[in-house]
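Below is one structure; the comments refer to it alone.
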Amino acid sequence: MVVDDSAVIRGLMTRMLEEDPDIRVTASVGNGELAIKSLSRDIVDVIILDIEMPVMDGLTALPKLLEIDRDIKIIMASTLTMRNAEISIRALSAGATEYIPKPSSSRDIGGSSDFKRELVSKIKSLGDLRRQRVGRAPAKPSAPGHAPASPGARPGATPVAPATPARPRPAAGGWHKATQDEVVLRKAGTSKPDILAVGSSTGGPQALFEFFKNLDKTLKLPIVITQHMPATFTTILAEHITRMSGWPCSEAKNGDVLTPGHILLAPGDYHMTVVNKGPQRVIAINQDPPENFCRPAVDPMLRSLVQVYGPRILTVILTGMGNDGEKGSTIVVEKGGTVIAQDEKTSVVWGMPGAVASAGLCSAVLPVKELAQYVGRFVSRTSG
């Protein structure tokens, strides 16, 4: 379902999505109140929800939509302003699944191949996840007055709701991903970590809040996070981590010195790395090409940490789409560091954590709260 107060933008998004044979838009409405009515009678797997709309805005509609269907996947769509970033982070805390920065005009939306690629990828991945978890009966026809599938829509296409039951498919990216029951854990490294590195994507903000809320405040390690998120959003996310967990967190800048007990978050649209500068370890950000379709990405952060810290790295991979972090985690483990990951049950998408777990890189695969507790125990028991 596409929910936006602009009929032009709804039309552009619908045409864009239905160019993919696996997607069908079952409803297109202009405000949150109409979205609630539509969800009560239409089959929908994924909702693209605008923030600012008349009658009922996206943030007000969000809990009402989740009340109707707690498993519905909701992507918040907004332009890149500080206000919208703040609202989007609040929406993620309230149960939205994902966010996407929306181009500022209909012309930009229609001409943006990057926006289309990102939107289609997220919808297909979240739609697959929904089908795997709840199954799906054949889709109902669109109700009168709701923008139905475009004339060329295929009957077997997946609506931003699938039309037929589907077998689970591999996670986005195409690699084989084991179920958690198939995961083989490896022995943790023996070196006491000098840094804690965290990587996350879809569902990451909620997981980060929970992780740091439960992480021992006496832990004297510098902490770095790469969360897949656009510029502006990362500024707000850092503020929310501080507010919700009590840990001091700031968006990283070139030359920032890593200090124990302080979190540095990769800024949107920049890879974050760590380098030696005399006796200090400092941040170096860059705009090298995206990796795993992401900038910032987890892999370049982890590669740089291995160069600086050797085996003294503890890496945590939280919920996220794709497999960013797998290559970097491989290097961490090869150098004697330790990798742990979020479990499948509590992950919004078990892509990134599933990739490192399936590759045999993890020493623990646990719910977020238990990951935080594991970190405290691991740091206290490892040798100097």
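Think of each number as a place in line: the chain as shown, counted from 1.
Placement of Cβ uses the backbone N, Cα and C atoms for every residue, glycine included.
Look at TrEMBL and you will find 1-117 tagged as domain 'Response regulatory'. Annotated 4-aspartylphosphate per TrEMBL: Asp50, in sequence order. Per TrEMBL, region 'Disordered' is recorded for 130-179. The feature compositional bias 'Low complexity' is assigned by TrEMBL to 137-174. What TrEMBL records for 189-382 is domain 'CheB-type methylesterase'. Per TrEMBL, the feature active site maps to Ser201, His228, Asp324.
In this structure, Asp50 is the one among the recorded positions Asp50, Asp324 with the smallest number of other Cβ atoms inside 10 Å of its Cβ.
Of Asp50, His228, Asp324, all annotated as recorded positions, the residue with the shortest Cα distance to Ser201 (active site) is His228.
Separation of the C-alpha atoms of Asp324 (active site) and Asp50 (4-aspartylphosphate): 28 Å, rounded to the nearest whole number. Packing around His228 (active site) is summarised by its Cβ count: 26 other Cβ atoms lie within 10 angstroms of its Cβ, all protein chains included. The DSSP secondary structure for the residue listed as '4-aspartylphosphate' is strand. For the recorded site, His228 (active site), the DSSP three-state label reads coil. Mapped onto three states, the DSSP output places Asp324 (active site) in coil. Helix first, then strand, then coil: DSSP counts for the domain 'Response regulatory' (1-117) stand at 56 helix, 20 strand, 41 coil. Note: the CA-CA distance between Asp50 (4-aspartylphosphate) and His228 (active site) rounds to 20 Å.
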